[in-house]
Amino acid sequence: PPPPPPRLRAHAAGGGPDGGERAGGGLGDSALSQGLSVLVGLALCVTMLGLGCAVELGQLGQQLRRPVGVLLALLGQFVAMPLLAFLLALLFALDEVAAVAVLLCGSCPGGNLSNLMSLLVDGDMNLSIIMTAASTVLALFLMPLCLWVYSRHWINTTLVQLLPLGAVSLTLGSTLLPIALGVLVRYKRPRAADLLVKVSLWSLLVTLVILFILTGTMLGPDLLAHIPASVYAIAVLMPLAGYALGYGLAMAFALPPHCRRTVSLETGCQNVQLCTAILKLTFPPQLIGSMYMFPLLYALFQSAEAGLFVLAYKMYGRESYKQEPLGEEEDTDISYKKLKEEEVADTSYGAVSAEERGSAQAEPAQTAL
C-alpha cells in the first residue's frame, strides 16, 4: 500500500497533528489506555446484557409474526442513517479519518438511550425494544456491509485500504452472547432482569461521562482543539436529522403518534458504546487519532437533542398527542401490562357498554352454562 500521508505518519510516531510530540505518548501506549479498553468492553457487555433483559419472548414472537418493528429497524438504521452519514461526510468534505468515524457511527444499530427516551415521551416500549434488538442482530451483517459500501469514496487512502472489517464483525458477534444471556435471565428471573435493565441504563450515563473525561485527558487539549469544526457540526446535525427521518418514516407507515415518536428516537439514537468499542478495539490508535472522540460527541448531542424532544413533549405535546388506543393484539405498552391484565380480569365477565344498557334491560338475563 502507498505510504500514509504526513498527518497519519505524525500520529503513528506519537506526535500531534503538526508533527510535534504529544504529552503522554500515543493513545494506545499507556496503562490508562489499557484500562480504558477494559472499561469500553465491560460497558458494552453491560449494555447488551440490559438490552437482552428488556426483551420478552412472547412479545418477540408477536413482532416476528408481524415484523413492522424489524422492517423499521432495517430501514432506519441501515438505509437512512448510513446514507445520511455519507452525505454529511461529502457535504463537509471530511478527510478519510473523520469520514470513517462518521460512517461507523451512522452504521451502528440503535442504542439503549432510545428506550429510556421513548418511555419519557409515552412511546410504544415494545416497539422501541424490538427495534433496538433487531437492529443489533442485523448489524452483525449489515454494519460491515454499509461501512464497506460507503467508504469506497475514500478507497485510495491508507485507512480505508486497511479497514478492519473482520475485526468489526468479530466485535459485533461478541455482543450476541450477553444479549442471549439477558433474554435467558428475563425468561427465568423477571425481577432480576428488571434490575439489570436499570443498571444498564445508569451504566450508560456513567460510562459515557468517564469515557469523555479519560479520552480528553489522554488526547490532550491540543489535539482536541484540532478536531475540525465540520466534525462538531456533523455531531450536532446528524442525530437531529436522524430524528426527523425516523418520524417521516413512521408517517410513511401510517403509524399512530406515540409510535412515530418511538421510531423517531430509535432512528436518531445510535449505539455509541458499540461505536466507541469498535474504534478503540479494532482500529490502530495511531491512525484514528482524535476521531476516537466523535462517537462521544455524538452521544453528547444526541442526548441533549433527545432531552429537548422530551421537554417539548412534556410542555406542549402531552395533551395533543395522547397514546391512541390499540387493539388487543397491538397493545404493546409493557409498563402497564400487569395493570391491564387485572382490568381485563375484573371487567371481562358480564360487562356491557353504555350503548348496550338500554337493550340489555329489555332482554331476559342469560346464564352462562
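Each Cβ is built from the backbone N, Cα and C atoms, and glycine gets one as well.
Just so you know, TrEMBL annotations are computer predictions that nobody has curated.
Copied from TrEMBL, the annotated features are:
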type	residues	note
REGION	1-24	region 'Disordered'
COMPBIAS	13-24	compositional bias 'Gly residues'
TRANSMEM	36-58	transmembrane segment
TRANSMEM	70-94	transmembrane segment
TRANSMEM	127-150	transmembrane segment
TRANSMEM	162-187	transmembrane segment
TRANSMEM	199-219	transmembrane segment
TRANSMEM	231-255	transmembrane segment
TRANSMEM	292-313	transmembrane segment
REGION	347-369	region 'Disordered'
Cβ contacts the transmembrane segment (36-58)/the transmembrane segment (231-255), at least three under 8 Å, sequence gap 6 or more: no
Non-local residues, at least 6 beyond the ends, that sit with Cβ under 8 Å of the transmembrane segment (162-187): 1, 44-46, 48-57, 100, 133, 136-137, 139-140, 143-144, 147-148, 151, 193, 196, 274, 277-278, 281-284, 287
Surrounding residues of the transmembrane segment (292-313) on its own chain - C-beta under 8 Å, 6+ positions past either end: 27, 98, 101-102, 104-105, 113-114, 117, 120-122, 208, 211-212, 215-216, 219, 224, 227, 231-232, 235-236, 238-240, 242-243, 261, 264-265, 268-270, 272, 275-276, 279-280, 285, 321
Same-chain residue ranges lying at least 6 outside the transmembrane segment (231-255) that approach it to Cβ under 8 Å: 68, 72, 75-76, 80-81, 84-85, 88-89, 92, 94, 98, 101-102, 105-106, 261-270, 291, 294, 297-298, 300-302, 305-306, 309
